[in-house]
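Annotated in TrEMBL:
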COMPBIAS  112-134  compositional bias 'Polar residues'
COMPBIAS  156-169  compositional bias 'Low complexity'
DOMAIN    172-224  domain 'Trichome birefringence-like N-terminal'
DOMAIN    225-518  domain 'Trichome birefringence-like C-terminal'
REGION    104-169  region 'Disordered'
REGION    471-498  region 'Disordered'
TRANSMEM  20-41  transmembrane segment
Amino acid sequence: MTLASPKGNGKMVAFPRGLTSIAASVVILAMFLIFASWLLVSFPIGSAIRGYFYGVDGKIVLPASKNVDYSYSNSSSGSNLELPTMSSNSSVVVNNEKAEVSIRSVEKDSMASESNVEPSSSGKDSVDLKNNATLEKPTELPKLSSRATEKKADMSGFPSSNTSESNSVDSGCDLYNGKWFYDPQGPSYTNNSCPVITQMQNCQGNGRPDKEYENWRWKPSKCDLPRFDAKKLLELMRGKTLAFIGDSVARNQMESMLCLLWQVEVPQNRGNKRMQRWHFVSTSVMIVRLWSSWLVRETTEKIDFAPEGVTKLHLDAPDDKLMEFIPKFDVIVISSGHWFAKQSVYVLNNEIVGGQLWWPNGSPPMKVNNVDAFGISVGTILSAILTHPNYTGLTIVRSFSPDHYEGGAWNTGGSCTGKEKPLAIGELVENGFTNIMHEKQVSGFEHAVKKATNKSKLRLMDITEVFSYRHDGHPGPYRNPDPNKITKRGPDGKPPPQDCLHWCMPGPIDTWNELVLEIIRREFEGNRNLSS
């Protein structure tokens, strides 16, 4: 076989030139791709393409301002970026595209803000706007891109790591400024679903014909006070003891707490002669009540011109029985006041300085009346608690509970008969005695705070003004189940015997324990406000 000569075949001659062209094209294409990649990485179009495939870039460019300080602070949850308050036409720049910041209209009782600001990519980071604005609602940040990762930022203002003990609760929403509203849902229990209601406070069981007083609930102006959550309280108090200390009104509150908790678990009675104790086995929570009429030391022995048998109150010494148990409690709800209307002798530094319903003729002028004695006693007991070397718990001081004996005192024809709904704004008639008792209690509270030496916490649950509007919440003449009892005024206009001091159950007093739960929640979980 004879092979053809290359010289005689044009195609064979052109073949080497085709390989050269392909090689050159490949080289040119490679150089173009390298150059194009460099452009994509180095210029804004690269950011646009990355944003399309991977979502919005995390970089945030803050608007420049000469008078704005952008600061960063570290906390246990990560670094917080504090942004300045911005007007409704302010903007932030994200990847060179402006995202308008919208701010809701501001009302007197609330303030919230929404911002199209993408938080840090770290799940621990939060964005907190601070500057004359309190953001109370968790805000979901809207998407900046159809493929951007959706994130939520809690804007409720977590307390910083250096928040002082005295402000850890008080920095939140004011729970005692608000209004009463009608809740058709009604109470969490009935007089038939709770077996521990004292008969005198069992208003429905005693024949009270109206029930609307059970449906009114308290609503703070700038946040919500949730309905009582029994499971929440038991979980927060797991392994702990909650003690109610005081007189019969404190017992009233303790029984309300038991009734609320009874709806999710029936406790075991572990009480004895010295104190009432109820044990909730599922969470090992103990609810305790200790009786202490005046919260200070009582004696009956003769002192100077005060004979034996008359109760002497040593205003500068705490109740010894009470102080014995203080270290065993984790949360204390303490209250007093109404027993200072009863007969007693006031002693300071072993000297008789005054008395109530007792002061012999010819005795020197009294130095201390019953109102002053109450204020001194509050300072004494709270100072003793705050300086007790073995107490580290939370003490909640429930302020003076107002009575509603209208037209007289409890023993001089005072009455609350026929009151079926709360007083409206403007209808409240100031009670001078209630006001001065509250003032003295607050003064004693403030005096004690200055003496604190231990690691315990002290909080004032200021219900006095709030409950001044609830003249409808007392048993009135429905104090017993006697079907023949007198419930109407007589022909001479004289009211029947009645109770306008204690509270019906269920009724307004259940709100006290909603407040107790909220205070405990803020202390144990941190100050995460529930916004309105």
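Every residue, even glycine, has its Cβ placed from backbone N, Cα and C.
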Which whole number is the mean pLDDT over the domain 'Trichome birefringence-like C-terminal' (225-518)?
96
From the DSSP assignment alone, can you count helix, strand and coil residues within the region 'Disordered' (471-498)?
0 helix, 1 strand, 27 coil
Mind checking which residues of the chain, 6+ beyond the ends of the region 'Disordered' (471-498), have their Cβ under 8 Å from one of its Cβ atoms?
199-203, 205-208, 212-213, 216, 403-404, 406-407, 413-423, 504, 507-509
